[in-house]
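The structure under discussion appears below in the form of structure tokens.
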């Protein structure tokens, strides 16, 4: 049972990996789907109806703290999962999330709701870096476009599905039941994941041939070992025997979130992280105005406002199905130009491969489309046009923002295949913190200059910094080669 060899830190280190066993890849795909189920309802459970409790109780502090926890939690989880494994990280996030929701369902005080919502955000947002980390574990660069984009569907449709479900529950039940619903959904996701999700972290299981530690084995691992032992008429191998000849059990240590922050100052990925955060915060901070503006302009109630998020979710889903195939197609195109053979489940020597160009060329059209639609969205609300205009633009904003962000996420994992949890956490950290800042600015800016010029301002920032992508395309391959050579010298010196 083996995984494809996806390498260590940089994707330009050549190696040939072993093919993945079909049953292992099927289980990994099922695990991604399971993880997405948790992420769908948890990353953005903005069931805005219970938020009315906070209208006169420090709502600004509530959103700022929640965003801060959403950003910092993946930094701990990503670092922890890269060292201890994906399964333990999933289990910790799931238990924290379920416990927080039970507390929220029983809570009525503002202080209690504030603290528990922060813990809930921490438990849910941590699963996002795990989803991308599992993708990096089980697929190679040539297939990564489709898998990463597929894995991103649930986290990105959360902002549209969440308000709709929350609106229905709040309309026909009460806001306490929203959190009981989340407990039920999380248990339906968490229990199968805990029983059947195999460990995929390459630091723990290598290419899949190294058995994980006893505490880190799923039920399927144990049943397979017993079945194989019964067939061959021997006793199951002990943990010490099975691991001693292959690798040592990694020593667990407390996660250091500052190691994630160090990625921001590394030239091979820092500029990509910054620009990806600018794109997400600029576009989605404008779309976040839907509740207040649609209530003011169209007189919608909370349930009607919730339904207006559906086009956003449809746009993100459409981007997932379109963008993944294009990414893989462009990778194969450049591989053909360089006369490199693309073999499924096998790594390639990407030393001179234009990874940055193959990925960023796909992102540029949707980048400018999203900026244009964001400007149009603001001005349709400024002039209070019919509802059809803003909703159509919301669809294209969701499509463009999702497609662009996913493409840059694929590139980040390409550059750091050995630390997918950490690099995804860094991306989420910067995106949440910039998003919190943009959300804090957007209302005063609307009061000062109107929603039309506010959306134009955010879009022009994205466009103004777009030359950074051309700079990355030009110098990125050289930066990767220099970083890989530096790492090789350290390894040769035994540092």
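The backbone N, Cα and C atoms fix where each Cβ goes, glycine too.
Just so it is clear, the model here is predicted, and its values are computed rather than measured.
Pulled from TrEMBL, these are the features on record:
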- 1-478: domain 'Major facilitator superfamily (MFS) profile' (DOMAIN)
- 89-108: transmembrane segment (TRANSMEM)
- 114-135: transmembrane segment (TRANSMEM)
- 147-169: transmembrane segment (TRANSMEM)
- 175-197: transmembrane segment (TRANSMEM)
- 228-251: region 'Disordered' (REGION)
- 272-291: transmembrane segment (TRANSMEM)
- 303-322: transmembrane segment (TRANSMEM)
- 362-381: transmembrane segment (TRANSMEM)
- 387-416: transmembrane segment (TRANSMEM)
- 428-446: transmembrane segment (TRANSMEM)
- 452-472: transmembrane segment (TRANSMEM)
Please indicate, using numbers and ranges, the residues of the same chain that are 6 or more beyond the transmembrane segment (272-291) and have a C-beta under 8 Å from a C-beta there. 48, 159, 263-264, 302, 305, 308-309, 312, 367, 370-371, 374, 377-378, 381, 394, 397-398, 400-401, 404-405, 408-409, 411-412, 415, 426-427, 430-431, 433-435, 437-439, 441-442, 446, 451, 454-455, 458-459, 461-462, 465-466, 468-469, 472
So what's near the transmembrane segment (452-472) in sequence-distant terms, Cβ-Cβ under 8 Å and 6+ beyond its ends? 271-272, 274-275, 278-279, 282-283, 285-286, 356, 360, 363-364, 367-368, 370-372, 374-375, 377-379, 381-383, 438, 442, 445-446
Check the domain 'Major facilitator superfamily (MFS) profile' (1-478) for me and report the mean pLDDT. 77
Six or more residues out from either end of the transmembrane segment (303-322), which same-chain residues have a Cβ under 8 Å from its Cβ atoms? 48, 149-150, 152-153, 156-157, 159-164, 166-168, 170-171, 287, 290-291, 294-295, 366, 387, 391-392, 394-403, 406
